[in-house]
Every structure is written in C-alpha cells, then in structure tokens.
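Residues or ranges marked as active site, proton donor in Swiss-Prot: Y195. Sequence annotations record features per position, and here Swiss-Prot assigns NAD(+) binding site to R248, D363, N504 based on similarity to another entry. The NADP(+) binding site annotation in Swiss-Prot covers 392-408 and is backed by similarity to another entry. Swiss-Prot lists D363 with the feature site 'Important for activity', giving similarity to another entry as the kind of evidence. Taken from Swiss-Prot, the feature transit peptide covers 1-61.
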Amino acid sequence: MISLNSSFLERSSVTGGSRTQSQSLRLSARRPVVTSMLNSNSLPERNVSVSVDSAVRDVNAPVAVEVDRSVGEKPFAAVGGGVEDMYGEDTATEDHYITPWSVSVASGYSLLRDPHHNKGLAFTEKERDAHFLRGLLPPVVVNHDLQVKKMMHNIRQYQVPLQRYQAMMDLQQRNERLFYKLLIENVEELLPIVYTPTVGEACQKYGSIFENSQGLFISLKDKGRILEILKNWPHKKIQVIVVTDGERILGLGDLGCQGMGIPVGKLALYTALGGVRPSACLPITIDVGTNNEKLLNDDEFYIGLKQKRAAGQEYAELMNEFMSAVKQNYGENLLIQFEDFANHNAFDLLEKYRTTHLVFNDDIQGTASVVLGGLISALKLVGGSLADQKFLFLGAGEAGTGIAELIALEISKQTNIPLEESRKKVWLVDSKGLIVRSRLDSLQHFKKPWAHDHEPVNEFLDAIKTIRPTVLIGSSGTGQTFTKEVVETMSSLNEKPIILALSNPTSQSECTAEQAYTWSEGRAIFASGSPFKPVEYNGKLYVSGQANNAYIFPGFGLGLIISGAIRVHDDMLLAASEAPAEQVTQEHFDKGLIFPPFTSIRKISAHIAAKVAAKAYELGLASRLPQPENLVAYAESCMYSPKYRIYR
C-alpha cells in the first residue's frame, strides 16, 4: 500500500496555476480516502490510502511513501471495485466519503452551469478568452434578442401547456436573465404558463416532473433546526419569502409538498412583473404531511412526507419556529407572503403575525385589492359609486371574505359610515346557503361579520332573486356554478351586470367568458381569475379581463421594499387597488376590459409601488429615509433588469 502523509492538499486555481500556501484548502479532519493510481491506459493499478493531517506544514516538505506489496499487480475491473476518477464514482465506492469541490469565481465549464451568470452563446469573444470558455461553445456569438426569439420559437413548438412550463423552468435553472427577458417581453403569452392555470397541473404532477430544487423544503423532521436550514440557502440578502404548506393549492385542494410550484411561480412574477431581484426571493414549502389519500397511497413519485397532515399545537410550534427564524436571519424588513394555506390556518396566521412581522396573504389581501381595482374600473362603465352597489358572493373562504372586507372598508372611507354599517351592502353564500344571523353559532369566526338579518335561503339562485345584487362575485373554487339561469337572472335585474368568476384554475371557474357574454346577450361586464380567449357575439369582439393577483402583489411587494416598510396596513391595500384602474383607457372599456393589458404591467407595478410606499411614509411605517421626491421614478430605478452584464 502507498501511504501519503501530507500537511495539506494543494488545489489548482480556476486559471490553472497552483495555489499559494495561504490559498490552499485546509482539511479539518484526518480521514483516509481510498483512491487509486492509474496506468497509461487509465486503469487502476494499486489501492492508495491517502491521509491528510489537519496541521499545516511546509508545502515543500518531503512526503513519505510506503508501497504495500501485498496488493496484486493486476488492475481491478472498474465494475468490480476499482475507482475510476477523483470522485470515486462506481458501485464499489458508493458508501465512501467524497468532497464536492467548488470554486468561488465561476469560470469555464462551471460558468456555463451557473444560471445567475450564464449567457450561453451571448458570451463575447473577449469574455470567452477571459473566462476559459474557448472551445466550450460553438464559435458563433448570438445577441440577447436573438436568443429570446429562438426560445419563443422552441416553446411554441410544444402543444401541451405542461411541456411549455417545463421548458420555462429548465430555462430558469440554466440562464436566469434570458428567462426573465423572455417572460417580460412575452408576458401575456407566458403568464398562463409559468402561473395559473398551468402551474396547477404542474403542482399535481410535481413529483413526476421534479428535477432540481428551486427553493427550501422545511418539514416536521426539521423542527429545532429551521434557522440552520435557512443558512443553507446560497443567497443571504433575502427581501421576499413566499411560503405555503400546500393544503389549499389554487382550487385543487391538498397537494402537500408538491405545492412548491406556487411559491416558485409567484416569485418569478415578483421579479418579472415587479422588478424584485431574483437573488432576493426565496420560495419555501412547509411540509407537515398531507391528507390527500392519492398522494399518500398511490403516488410512488410523491416527494413529501408520507403521513397525515399535522395540526394543532404541533403545527403551531413549527410555524412559530419558522416565523422567528426568518425574522432573525433576514431582519425586520423581510416580506413574508403566505400562499395557499387552508382557511383555518390562513386567517389565524395573518392575525397572529401581522403585528410582529411584515406579512401579507395574497389569497386574502392580494385578491381583495385586485378585485377592488376592477370594481373601481367597472363603475366607470356602469355609473354610480361603490356604496350604490349591492354585492353577492358565492364562496365565503379566504378570497371571498377578504374581498368583502376590503370593499366594505373602501365604502366606509368614501361615505364616512361605520365599517359595520358598510358591511351590510355585502352578502355571502357558502355551501349551506346565505350567511344570515340565525346561523351565527355554527359559523367560522371569519364568516361571522357577514351574518346579516334575513330569513335563511338555501339555494344560490334563490339568494340572487332575493338579494337582487348588482355585482356577482364567485370565489367558490367550484366550476360551472354560474349557470345559464344565474347569468340570465343577473341580466334581468341589471342593464350591465358585473360578473366576476374568480376561481382558479380554468377548470374551476364559475363560468367561461363565452357563457357570460352569450347568456347576458353581450351586456355583462365580465372578468375572471383565469384567462379566456376573446369572444365574438353578435358581430362584436369582447375581450374579458383577468382579475389576476399578478396585477397587485409584485408592485405591492416592491413598494414595501423601497420604503423599508415594517408592517402591512389595510390603507396600503386600498392605495394599491387604485393604480390598475387608473391605467384602463376608453379603448380598453370599448372592448369590455376593466383591467389594463399585461403588456404594461411593469409600469403598473411601478405606480402601485409608489402608492404603497407613499402610504407607508404617511403612516410612519417606512424605515428607509428620507422619502424620495418622485416615488414612481424611484421605483422604476430599483427594478431588476434582465439585461446581460459585461464580464471582465
């Protein structure tokens, strides 16, 4: 046997030269590593035991070598137990320790594998020489715009939306700046791919399509170690976390750990639409199990804990540790967005932490803000004020009650009447019928403010006929509940009924755009949570709006960041809802749109950010002082640009 006893292991630098003694890697423990010597045919000749002392000695000190003659001269077969390379990658050494070497400066092959710095064929001739890329790429140099054109061509070749989603996610993990430039410049086409509705299918099949982690997974097994796990994430200056426990993914129910697709998708939009730096975004899934029997028993590719979902004290303790750890690790100004938690946890978490953390629930608050913005816009077509309307909701969960509360709050501010009084203009229907005072004792706490004096009404259609609403809002998560009779009844009560079918994904929408326009004889003012194609009715083309939270949360988050806000206030949500409505033109109204097109979303986000930041300064909740004079310009200047950087 050959025994090597050396002071330290000298490594080569990324430029190919040897490191100095001060640059050399110190090994903290003495551990034998079995490797081999290779002959001229690259076959292993002898076993070599290398022991490296932790003590640092002279780099030029002699090395004692002892050859164990008991080892036969014949080379071992690679499959039978030899070691083919420095990583020891063969079946005989699967249980051996190896060191995953890495370098601090991306160069050469590693640079092409670094999504944050990779430019693909866009590396210039000078960059290829400076960073050891010569020969690792074809000789042609392609500009950024041509790369975008090529990628869009390739993505359009896929006919299946999930395949397009996978192509986009692969690109994000290969070339980050190309991904965001592609998404920004083709947002209307790609938004339904990277987010709803396609992301819903991606979450359902997440275990099957999972290749590389794009965020942090924290499970019950990690209790007591969450702070340690946060430090494993490579980026340290985190400004936004989107976190889910996977219990209520869109309208698809409990998908457990596979809900990770939602935080990943949301944060891609934070960057593309709101300009928040990708390195400042962290997707997190809290895995406390799942009650989805199909995932537990039938899906062999499920990536989460195969156990029933934790609840009660066990759940609360894990979430409390998480909330404490992220604040300790990232600071007071960290924005934590709760995403797709079930009703019973969503309201409790928001209520518990809104006074101690910078928290935001997109399902409750983001949806409310975007819908309020759509209503402000729609009233320009209908006429009258918000207080003149009567609202009826199908669905009394997070989205429904969140929207209802923000509407009531805005009415209260506009009319100077108490909030309790303004709530009386809003009615909700749940699975048991109209929410009325006689049901008060059996209602969940978040439904109780909406229990008005009225006789019980069990059927949704009967509630419409009784309440006679001017605005119908669906947040039930159940598809095709706005039937032909429902839409026709709304149309008989109103010249221009406002109908919002908000449930996601498309399969869960209360009705389609075509149904709404056809059944209302083209009179409905319609918007939906998922996108629908334009509809032609009686020779007129109707373009339905999408009440997508993506109008609000990216700009909202940017506003909190640029102001250094320490808490979220309801007045910020009201301020944010005004910006989309201000961007709707008469040309948009003529097509039936109550939301502006997504092509101008970064402009909208900058205006939302400015309004949110201004409100933060007004309320004394901003920590980034002094306040900039022009907040819109400041917001735009803070936005991430996907333009390639030039490397030395």
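Placed from the backbone N, Cα and C atoms, the Cβ positions cover glycine too.
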DSSP three-state assignment (helix, strand or coil) for R248 (NAD(+) binding site): coil
Nonlocal residues around Y195 (active site, proton donor), in sequence order (Cβ under 8 Å, 6 or more apart): G265, K266, A268, L269, A550
Additional residues around NAD(+), ordered along the sequence, whose Cβ is within 8 Å of the centroid of R248, D363, N504: I249, L250, G251, D340, E398, A399, G477
Three-state secondary structure, which DSSP defines for L392 (NADP(+) binding site): strand
DSSP-derived structure type at the residue listed as 'active site, proton donor', helix or strand or else coil: coil
Cβ neighbours within the same chain of G395 (NADP(+) binding site) - under 8 Å, at least six residues apart: L428, V429, D430, I473, G474, S475, S476, G477, S503
R248 (NAD(+) binding site) versus binding-site residues L392, T401, I407 - nearest by Cα: T401
Entries of L392, E398, A404, I407 which, being binding-site residues, have CA atoms within 10 angstroms of D363 (NAD(+) binding site): E398
Distance from E398 (NADP(+) binding site) back to N504 (NAD(+) binding site), taken between C-alpha atoms, in Å: 13
In the chain carrying E398 (NADP(+) binding site), residues 6 or more apart in sequence that have Cβ under 8 angstroms from it: R248, F341, N343, A346, F347, N361, D363, I364, T367
